[in-house]
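K.L.:
Structure in structure tokens, see below.
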Amino acid sequence: MIRFEPRTGISPARSMGLRLLAVAAALALAAIPLGVAGAPILPAYAAMLQGAAGSVFALTETLARATPLIFTGLSAAIAFRARLYNIGAEGQLYLGALAAVAVGSGAVAGPPALLVPLVLLAAAAAGAALMLGPTFLKGRFGVDEVVTTLLLNFVVLLFIQMMLEGPFKDPMGGGWPQSEPILPEAALPPLVERMRLHAGLPIGIVLCLLAHVLISRTVLGLRIRAVGENPAASAYAGIPVLRTLLTVGAVSGALAGLAGASEVAGLKGNLTADLSRGFGYAGIVVAMIAGLQPLAVVPAALLVAGVFVGADTMSRSHGVSSYIADLIVALALLCVLVAGLFVRFKVRWERA
Amino acid sequence: MSLPALRIRGVTKRFGPLVANEAVDLDLARGEILALLGENGAGKTTLMNILFGHYVADEGTIEVADEAGALRPLPAGSPGAALAAGIGMVHQHFALAESLSVIENVVLGTRPLLAPGLGLRAARRRLDTLMRDSGLRVDPNRRVGALGVGEKQRVEILKVLHRGARILVLDEPTAVLAPQEAEQLFGILRRLRGQGLSVIFISHKLGEVAALADRVAVLRAGRKVADQPVAGADKTALAALMVGREVVPSRRVPQAPGPALLVLDRVSVPGERGRPGLVEASLTIHGGEILGIAGVSGNGQAELAGLLAGMKTSSVGTVRLAGQAIPPGPAGAVASGIGRIPEDRHRDGAVGSLGVAENLALETLSSPDVQRWGFLRFGRMRETASRAISAYDIRCPGPEAPVRLLSGGNMQKVILARAFESHPRLVLADQPTRGLDVGAAGEVHRRLLEARNRGAGILLISEDLDELLAISDRIAVMAGGRLSEPQAVENVTLAELGLKMAASGTGQDRAAA
Amino acid sequence: MSAILDILASASFWAAALRIATPLMFGVLGALICERSGVLNLGIEGIFTAGAMAGWLAVHLGADLWTGVLAAALTGAVFGLLLALLTVPLGLSQHVAGIGVTLLATSLAYFTYRVVLPTASTPPRIEPFGPVRLPVLSDLPFLGPALFSQTPLTFLALTLFGLVAFVLYRTPLGLAIRAAGENPAAVEAQGLDVHLVRIGAVVTGSAVMALGGAFLTMSAFNAFFFEMTGGRGWICIALTVFASWRPGKALLGAILFGAFDAFQLRLQHEVAGAVPSQVFLMLPYLLSIAALCLVARRADYPKALMIPYVKGQR
């Protein structure tokens, strides 16, 4: 029989090591479907590594792909800390992107110093607003937020399609359902000329630092940790549980909204209904790999982005479907979840 | 000697470095009631969990008599095997599914899972016979969730009898009963003994051991330190054996009460799930007194405690603390000087993953000792915690150690430290010693008396009458949501308390029906 | 107004309602089995997709339709086993593990599809289940075309409801499942293995869910598309709460939902152009959220739902 003995403490390095081991395990497991698909496993993984980090261009691609994942990963990490399971980052991302386009494509004029913050603020507000409903329903009536946020993802995507075919449709778009482009003054500036890397990345990194300080050093952070671990005891101690949850929900939604702004204002230039390649869901995996630690979100996002970017290369060179990336990421989530057991407990096999 | 029913030899069980049972031998005869006496943590429950197959012993053997009376080894680690060998166990926390009916709880697991029917008709007939023979009465069609505590216990015993058990293990069965209900239970157990049932009765109360058992075995720190017939046993000697030293109970020195501090005037608090709640309770607590509230759980205590803790609001009536209304919510209660010790320290008291220092700070997050501009002042929090750790003798690796790693007694000390930190005017102590060993309980009593002596008013809610009689100045009884007129402890007798508890002690059952 | 009445009075409307309700019936029934034992199965959306894929693939590769149904059920059972192992003996977060299983099952289904058909842009069709003709019943006026013109999978779903209700309320197994979701200690105290009961319930429930997916590819659309499940799994989770974990109410809920969906489809037809189609497409999701909120206050959750059970610890 398995016995779990609580650990008194585990070093952050060891805990991170266990999570990395879990990702390695996910890669090893993904070799099975790769093999079944007829791909040579080691060369395929080599191509993946090459595509993710084999050149300066590859690295910048990975960094560009990591940018939205930092936002959505941080969004999930903070929410999950309070045991608020926000699975709606996908929807919040889209609504944030829509708000960014609404503000940044000509509705407001001004210099970049005004427009860029305005675009980001609008996106954050939209994402936050979307998350407040499910958070309130959970805190007040006990409605499972996982189900409501998931269902809202579908509603938002339909809403986006409706907007792109209606009021937001670009008259110059040749009939495609896409929004008008973001004004150059409202766009996040590129970090390197002619590369896809943009100012969203440093913004995301700074937000991770801020979130780290928030969670570990402030009263609000202590409230969040207390409410996540034991809402009953928190309420008994006089912590406003619902208000804390609403704050967390708003922050989490805002971060996911920023992911949308970062994509449209930094990378794509306009909004289409296929803006996100599951960044919202991948953010959950990023957060879990990071052990819900804001500082670890950046490397975790790089790792997941590397898998996605590398898988595209692998797909081209070995003819394997790029869905292998989604498969690896899903496996990584489950492996990291299991690894969490070893972080919290000494796991022993023994007689009962 | 009479026929053996059970023979335990040399049972040892270790959990990591902790030795829960060490070379324990135990015999039980047919038709015998054996009391297993010991403090919390002495290893009684572990031993019974080994007997029932929840744990496997590291060493030792268990043999159980079969129907013909021959001793046979009991397969380890299987509750199913224990049940098949005729062992039935009634845990302190009942193992009942509340949304199911009594009869469904009784037949659960008695037929092969893939059998086509539940066999309710036959089970009901058998249950009728059992109820007639044993005197345990309960309506088989009622939902278990609607039953009172005493009735639930009857269901648990009936479950065991229905499976044809020859050995019945009862873990602290009287902890939840009013004295009269306990008396009834003893009558039933004597009757069952007459029918050949063997009973192991786990307890830490010497009085009831003397009243009921034939023989008593004492466990201390995992070892059996005594095993003798009850007739002629010396209570004081047993108590010393159980604790390992002379027991010096906390003594209350009478003192004149101060001015009225907390005044409840016909206050009602609605109950949950059809419980009566608090019904038109009027009550005055003075500074410098401990007012004890006796009664069986579920008779309105939770609502009274919730009201003072700021977790519940009254529907009718007024509450005044030193003449002032108490601001709403738990923060309001803390701000007006109420120190609170919750009934369930794991659920409401401590946040397990947070450290001692953070748990101590939880009630006062806006104080300048905890934060400046929203940032935590770790230095000050650590100082406060270090002071509390030495003042309250909290055994922990340090101020940052997560409290989930602390023992029950030490966790309770953290909560005491938090409640007493700001020198409260009023202290709400809701079952403050539940599950603590004698040493830790004594520490809690000492702190409560200390607060009383310096002029605080204390509301002590407890199911332990000995505790109430030892440290309360006045005692009131809660039954069916109503509060009796408090009486000075000098004028109160156990029998009288029991009568009041039982008078409407089944109020809960009626309300739920 | 008369347009609405016309819709409600047409046999084809009710036939459509039942058809739309069928995958939900499987899903809500599977979710109910899992949750009654104490495990929330958020793998449902992925299990739908995997079931849809497995059933379609089996038939595409030459198996007959019922073998396809079996393949779907087995696929669901395998993912159910994975979820059960993670959440029952290991006691991991049912929320995160469920999302993980959904992501895994979905990506594995898509990956497999691409392995079989690396480049196809239009998915190949299979010959789906046709409507069964029941003697007498199918010939009844109105009721015949409205209720008895369905494919075999719809009748299978209805039969399963009866079977599951019987097992849950009339057999020792069902009693053990209900007790495991209520107070696992009660189950163990009676000598049963809580973990086995829960694992069994999750595996069975997942197999039933997968049939909902199979219905999509083998009765409704006769091909496999990406994102074809469209959140039906999450809707089923909401419906389970709405139905208070009772099979009868769950069936009613699924059919009501189907009727609503069929109704909005027709209404969409009526007012084509005036209102964007997306507004109608949003309605099922919004309705699910509304249904959740409606019952949230008085929802009678299985008490041990989402609480892992550690043996010997009480």
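Note that Cβ sites are derived from N, Cα and C of the backbone, with glycine treated the same way.
TrEMBL labels come from automatic prediction, so no person has curated them.
Annotations for this protein, taken from TrEMBL, read as follows:
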TRANSMEM  A:62-80  transmembrane segment
TRANSMEM  A:92-109  transmembrane segment
TRANSMEM  A:115-134  transmembrane segment
TRANSMEM  A:146-164  transmembrane segment
TRANSMEM  A:199-220  transmembrane segment
TRANSMEM  A:281-311  transmembrane segment
TRANSMEM  A:323-343  transmembrane segment
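Quick one: where do these features end up spatially?
P.N.:
Within its own chain, the transmembrane segment (A:92-109) has Cβ neighbours under 8 Å at 68, 71-72, 75, 86, 115, 118-120, 122-127, 129-131, 156-157, 159-160, 163, 168, 179-183, 185-187, 253, 256-261, 263-265, 270-271, 275-276, 279-280, counting only residues six or more beyond its boundaries.
Counting only same-chain residues 6+ beyond the ends of the transmembrane segment (A:115-134), those with a CB under 8 A from a CB of the stretch are 86, 88, 91-93, 95-100, 102-104, 108-109, 143, 145, 148-149, 152, 156, 182-183, 185-188, 203, 246, 249-258, 260-261, 265.
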K.L.:
Can you tell me which recorded stretch out of A:199-220, A:281-311, A:323-343 has the most Cβ pairs within less than 8 Å of the transmembrane segment (A:62-80)?
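P.N.:
Stretch with the highest Cβ contact count: A:281-311.
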K.L.:
Report, as numbers and ranges, which residues of the same chain sit near the transmembrane segment (A:281-311): CB under 8 Å and 6 or more residues beyond its ends.
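P.N.:
That would be 12, 15-16, 19, 22-23, 47-53, 58, 61-63, 65-66, 69-78, 80-81, 87, 89-90, 204-205, 208-209, 211-212, 214-215, 256, 259, 322, 324-325, 328-330, 332-333, 336-337, 340, 343.
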K.L.:
Quick test of the contact rule: Cβ under 8 Å, at least six residues beyond the ends. What residues does that give for the transmembrane segment (A:199-220)?
P.N.:
63-64, 66-68, 70-71, 74, 77-78, 81, 120, 188-191, 244, 247, 255, 258, 261-263, 265-267, 293-295, 297-298, 301
